[in-house]
Amino acid sequence: MGYYIPLPGVDLMRLPSAAVGNTEGERLMRAIYGQASELPASLFDLGISPHINASILVSILLLLPKELLEWQPLDRLREARKEGKSGEAEINGVINNTALALALWTAFTRARQLLPYALLPQWFVPQATMALMAGTFMVQHCANTITAAGIGNGSTLVICMGIITEYADTIHAVLTALEASALPPLRLAALLVGYLGLVLFTVYLSSAEVRLPMVQYSSTPPQPRGASSGGQGELFAQARLILDRRAAQSEASATYFPIRLNSSGVMPMIIASAGYYGLLPRFLDLLGAQSAVGVLHAFQASLPGLLLYGLLVFAMEFLPFGAVNPQEVSEYFSAINVGIKSVAPGKYTVDFLQQKVRQCKFWGGLALGGLAVAAHAFDALCNAALGVSLATTSLVIIVGAVLQTSRQVASLREGPALEQRLDQERIVIGSLAHM
């Protein structure tokens, strides 16, 4: 709704509509900025862009080696990446503060651009700046609420909403092009097979995981010497054994710990696409280097440019988006008395999990980077054959986000079932205690 609320104080009748591009980078940037084509200046005109831009900036700084840029606050953030949820919260705090500064600057710049079309020029710039900042942080609040509720990655879902609104227009353009052109059936079938193949590979990559075999340690404490063979202690020990056997029988098919091959979902592709195809050309355009923008677009369409884009997607996979924290997992294993098969508990489990997570990020990032390059190459092929793009990268992002959200919703549904089983165990133990 906020995308269609006009920015207060702007004469929309005199404001020219923004030029709508057809490249994948321009589509993604419009989805991030939340710019409705029917409304050239809305309350949510900045969309979620300040937070995404801040994430890109902090991510690039964290990827720089310590020898290249040595700065004490940055060194602290590098260490925070190893500290689990507390470190992730610290990094998110830095991203939010950076997003606040970027939102202030972006909103002020946008307000200055809209000043010639203001109904009342006096005090328009500060009022429009505050309104735009309120809109962008409303969007970010919605995204944070979605993430905190465990439904999915809020930023990804907000961006996907913008992508989906334009995808219907893309499909209409493709069908119109197919109707107007005499495309041979075999060539059309080949395009459809390639399209379906990319979608299926996205589904596979989103669900692929490494399964580590688990072992259940004995949960019955040894009785001290000379202890009585009867009594309440023995009764509780027997009840615990019965419950352990039932749990082992009911969960025999789940005796493994899964590590997702692509733990970050499609967020690395979104950040790399926004930075490479969106922010970089806009930055050069802002500097007035029009010739450099043309050279950049030609380079992005070439094979080295595509490979560089795939490398950026690969690098973004190593950022801490939804990754498994080995230290927390090891502590959880100790709490529930389980472990990884053939791996000693404690430090050895942490080291083993760190190695597996790095391997998954390497191969998952390599696969995601290859998928991103293949999607752009396929769109170039469709442009040559149909004269229109199929927006394959947008489809890949949508499919990946939907699968990630469906998995998290399914995990939320497991919570009540687990609580019910725990209540049943409590009832059984309570009944045995009163015997």
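Here the Cβ of each residue, glycine as well, is placed from N, Cα and C on the backbone.
As written in TrEMBL, here are the features:
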TRANSMEM  120-139  transmembrane segment
TRANSMEM  146-168  transmembrane segment
TRANSMEM  188-206  transmembrane segment
TRANSMEM  259-279  transmembrane segment
TRANSMEM  299-319  transmembrane segment
TRANSMEM  362-378  transmembrane segment
TRANSMEM  384-403  transmembrane segment
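For the transmembrane segment (188-206), the partner stretch with the most Cβ pairs below 8 Å, chosen from 120-139, 146-168, 299-319, 362-378, 384-403, is 384-403. Each of 120-139, 146-168, 299-319, 384-403 was scored by its Cβ pairs under 8 Å to the transmembrane segment (362-378), and the highest score goes to 299-319. Remote same-chain residues near the transmembrane segment (384-403) are listed as 22-24, 27-28, 31, 152-153, 156-157, 159-160, 163-164, 166-167, 170, 173-174, 177-178, 181, 183, 187, 191, 195, 198-199, 202-203, 205-207, 265-266, 269-270, 273, 371-372, 375-376, 378 (criterion: CB distance under 8 Å, separation of at least six residues from the stretch ends).
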